[in-house]
Amino acid sequence: MGVREALGGIVSASMVFSSSDIPEISSMLQFGISMTLYTMSVGVLWYAIFGRLQYGYGTQQDLICILQAQLAVKAALRLEATPEKIPATVFAIICTSSILSGLVSILFGKLRWATSMLMIPKPVVSGFLGAIGVVVLQAGLKTASGVRFHHFWPDVGWVEFCSSKDRVLQVTCMMLHFACIRQGPSVCASLVDADHSQRRQDAVKKYAALVCQLAPLLLFYIVVMCLGMNMESLAEHGWTYPSNGSEGAMSIWSTYSFSDVDLLTVREICVSLDIVALVAMAILCTMLGALAITGRYPTGPAGDPSPDDPLDFNAELTTVGAASLFLGLTGGNLIFHKFSVIQLREDGGTHRVAVLTIALVAGCLFVFGFPIGSVVPKWFLGGLFMNTGWSFLKKTLLSYQHMSTFKWRGLHIVSMQYGISTCCVLMALYFSPTTAIMAGLCLSILLFVWDGMSTSPVSSVVDGQHVVSRTKRPWWEMNVLAAEGDRVRLLYLQGQLFFGSMLQLTSSLEAAASDHRIEFVILSYARVPLMDPSAAENIRAAQEKISKFGCNVLHCRTNEQVFGALCAAGAIQRPSKDFLLRIQNNQWSFVSESLEYLDPETPNNDTHPDAFFHETDCLDYCDEYLVRNFSYDLLAPSPPLEDYMREYRAVVEGSQSRLSEAAFEIMSLGSTA
C-alpha cells in the first residue's frame, strides 16, 4: 500500500509541475515530488494521531493538483518578464492555497457547517470530475510526448508529431500501460481461475491492480538493460526527466528564497475566483471522501473502540483542515480524505499501524531524497494520468444510469441534470476547470428555478363536499354541507415556494374565484418548508384580487418561517384566536402589533379570520358559516326546520342551556311522537 501511495504522490506532483509546457514549472518536478512526499508523510501521520477512522488518512491528491496547475500557469504568464521569479512564486501560491483551505476548513468545522457542503448538486460534482478527467487526459498525452495537446490534437500537427520516433514510441507505451491497468486485473483473474476459489479472488483483489501498474515499468527496464542503454541516454531522448542529483530532506525549505516571490502575483491569484473554487472543492472532497469511506461499510472494522458511532463530519473537516494549515505553513500542500483507504481496508490493513506504515514509507523516501523523477519514465506517468482521467470521465459520462428519465414524444429522455455534467466536460475542453465548475453551479441554479416554475406547487385540490371537519353534526346540517360544501375548496401546497412557482399557484387561486359558488379557499402549507418574500407578496396580491369576487383565503399548517413571510407581506392579518395563542406560547419570533386582532367565537358575514392552526380548524369555521347561512338564517330553508332543530341550534350557540326532554328524545330516538 505504501508503494501504491508513493506512485500516487508522483502522479500528484507531475500534474502540478509537468502538465504545462512552461520550462520554469516543468523543472520543478523533482522539487514537487519531495514536496508531495513531505505532504504525504506528515498528512498521513497527522490523521493517524488525531483522526477518528481506524483505517482512514488524508493526503495530497490529483483532483486539487489540477486546479493548482492552472494557478501555476496563470502565475507564470504574469511573470513572463521575470521568469526567475516563477518557481518561488508558484511554490508560495501552493502553500498559500493550503493555508486558506485549512483556515476555511477549520472555520466550517467549528461552526458545524460541514454538512452544508454536501448540498452542492451531484451533477456539479460529477461534472467537476469529468472536467478534471478531460484535463488529466490532455496532461497524460502531453507528459508522454512532450507536445502540448489542444482538444486531443497536437499543436504541432499529426505529421510533425509522427515524425519523431521517440514521441510515437512513448505514446504507444503509455497506451499499452493504460490498457494493462484497465484490463490487467480481469485477465489475471481469468488466468488463475479466480471464480472457483475465494482465496484466489482475494489475492487478485489485493495484488492484481498493483502488479499491473508496476509490471510494465519492470518490463521497460529489462528491455533497456538488454539494449545497453543508460539513464543519461533516456533523458537525452526525452524518455525521463533530467536528474538534478539527490534531493535532501531540507530541499523544500532551502531551494527557494522568500525574496524571489512576487507577492503581487500571489495576492492577485489568492483573491481570484480560481482560489475560491479550489478551497470549495477541497472542502467538498473532504466531505465526499469521509462519506464514501463510512458509507461503504455498515460498521467499523475489528479493533475499532467505537465501531458503531456515527462519523462527526465537522470533526473530520477540522482535523484535515488543521493538517492542511500546518503543512501550508511548513512548505507542504493541502490534503483531504483518500478514497483508496477503501482498498486499505479490503486488504486487511484496518489498524492504525497500517496507516503509520504508509507515513513511514513516504517519510523515508522524502528524507533520503531518492530522485524518483529521473527514474520513472514519462510514458509511465502518462499511463497513470490516462487511467485517472478515464476513470473520472467515464463516471461522468455514465452518470445518466443513476438518474431518472422522462417521456417525451414516446422517447425516454434522461434527466436534464445529466446535461449539466456533460456541459462541464465540454466547458473544460475550451476553458479552465474552474470555469467549468462555475458554469455547472450556474446551470444548477437555472435548473432549480426551471423545475420550480414547471412543477406545480399544488399537490392536490379537494372540495368541501368530500372532506369533513372534526365537529359531529346532526343529519340536517350534514345535508346542508353535502349540498353547499363545494363552496369550500382545500388546496394542499408542496415544496419551497418562490417567485418561479407562483404563477401556477396564483392561477389556481384565480380559477377558484372564477366560480361564483366558491366562498372559501383553504391553503395548507404542511409540505412547504420555506417561502421567500416574493412568493408571499404574490399570494397577498392574488387573495386581494379574488376577495373582490367574494372569495376568502384561509391559511393553515404554516411553520414559523412561512408564517413570518406571509405576515410580513400582509397576506395574514387576522389569525384565529386559538392559533394566535398557540404561536404566542411557542414564542414565534414574528408576532407583530398588526396581529392583535382576535376574531369572534362565531363566523360573521363581514370579516373572517385568515389563519388557523390545522385544516380541521378551517373546515370547522367554514362549515359553521355554511350551516348558519344556508340553513338557520334562511326564511325558507331546505329541508324545513322543525322546532327541535332550532332548539338544538340555540343550545349550540349558547342562548339556551340544554335541550328539552322532548327535543332530546326526538334527536336520540329519531321519532316525532
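Cβ coordinates come from backbone N, Cα and C, glycine included.
According to TrEMBL, the feature transmembrane segment maps to residues 250-266, out of the candidate ranges 250-266, 522-538, 539-555. Here the transmembrane segment (273-297) has long-range neighbours at 53, 55-56, 58, 61, 63-64, 67-68, 70-71, 74, 97, 100-101, 104-105, 108, 114-115, 117-118, 120, 125, 128, 311, 313, 316-317, 320, 324, 334, 336-339, 341-342, 345, 432, 434, 437-438, meaning same-chain residues at least 6 beyond its ends whose C-beta is under 8 angstroms from one of its own. The predicted model assigns the domain 'STAS' (478-598) a mean pLDDT of 81.
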